[in-house]
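J.: I have a structure here, written as structure tokens, and I will follow up with some questions on it.
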Amino acid sequence: MNPNITTLPKVELHLHIEGTLEPELMFELATRNHIALPYHSPEALRKAYQFDDLQSFLDLYYQGANALITEQDFYDLTWAYLLRCAEDNVIHTEIFFDPQTHTDRGIDFDTVINGIHRALIDGERQLGISFGIIACFLRHLSQESAFETLTSVLQHQDKIIGVGLDSSEVGHPPQKFQQVFDQAKASGLYTVAHAGEEGPAQNISDSIELLHVSRIDHGVRCTEDPELVDMLIQTQMPLTVCPLSNLKLKVFDEMTQHNLVTLLDKGVAVTINSDDPAYFGGYMNANFAAVDEAFKLTNPQLAKLSLNAINASFIDEPTKRVYRQKIQHWLDNTK
Ligand code: HPA
Ligand code: ZN
């Protein structure tokens, strides 16, 4: 791996905490919770991680989440991710969780958020990693169910900074959630949405215009609409791109065909993120390394990717300034 990737301070903005559940921990939790898994070993489970598209991944991902039951499980899950962040020099992370994946099987919202939040507080104190938490609505479920979830989110607004939209994009366009996003925004929450991953470029424009999002998660299909790309550049609307995820879910066949670096060089505010690293083959450094292998990133390009993420984050301005200085320091001291 390019050693400059290792030392670059990074900010992660697109990470589903349930997608960090490594097979080994899944087995440990299943044993602890007396749950039977449909695989005989972590290795057998890992071998099943071959996906044709988003839906084939989501089926396994929701099944895996069944191992998470207690507040301690959610703590352990999040703590394991934070240790990986520390290894990869991630200085700030804004993580997603999917409340309905858990509440729909009888786990209390409080159990989930309290476990995740407690680990992030410990991570901030012990590892120096700042954080934000974003609750995602599952778009294959109804807006009514999203409204119920929003009620719980608002009871934990001291811990949750925003809401997002994930799960099956095709057939579940942004307009399905316009009212619940309006209410979230009116309540002071930030909004983001997955769009233009498997769905068309129109979903990106609609998420911006109808859901008033601050960032687009994925967004790689923007290139199908040159006017949209121009608008993304003008408005500096951030895209949280996930290169290894896109390869695993066959959004692109080869990393050399990925449009991330073209978009970066054109001035789109793209960032690199790991999405569901336990399923897609790597955390932040692995994602940067995969792009670097295909495109040979220069130090200014690497720095720009981190700066884009700092600008796109929901960190307060004084902290953003400190983080930008870290990138400048890296750039000044890296050959
Ligand atoms: N897309 C949509 N939903 C998801 C994803 C994703 O990449 N990861 C976890 N839920
Ligand atoms: Zn995602």
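Cβ from N, Cα, C; glycine included.
Since this is a predicted model, take the numbers as computed values, not measurements.
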J.: Starting from the Zn(2+) binding annotation in TrEMBL that includes HIS14, HIS16, HIS194, which of ASP88, ASP122, ASP275 is the extra site residue?
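T.: Of the residues offered, the record points to ASP275.
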J.: Compile a sequence-ordered list of residues in the same chain as HIS16 (Zn(2+) binding site), six or more apart from it, whose Cβ lies below 8 A from its Cβ; state 'none' when nothing qualifies.
T.: TYR61, ILE95, PHE96, PHE97, ASP98, CYS136, ASP166, ASP275, ASP276
J.: Any same-chain residues 6+ apart from HIS14 (Zn(2+) binding site) with CB under 8 Å of its CB? Would you list them in sequence order, or say none?
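T.: In sequence order, the residues whose Cβ lies under 8 Å from that of HIS14 (Zn(2+) binding site) (at least 6 apart) are PHE96, ASP217, HIS218, THR240, VAL241, CYS242, THR271, ASN273, SER274, ASP275.
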J.: Could you tell me the mean pLDDT over the domain 'Adenosine deaminase' (9-329), as a whole number?
T.: 98
J.: Which residues does HIS194 (Zn(2+) binding site) neighbour through Cβ under 8 Å, counting only same-chain ones at least six apart?
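T.: For HIS194 (Zn(2+) binding site), the qualifying residues are ARG139, GLY164, LEU165, ASP166, SER167, GLU169, ILE216, ASP217, HIS218.
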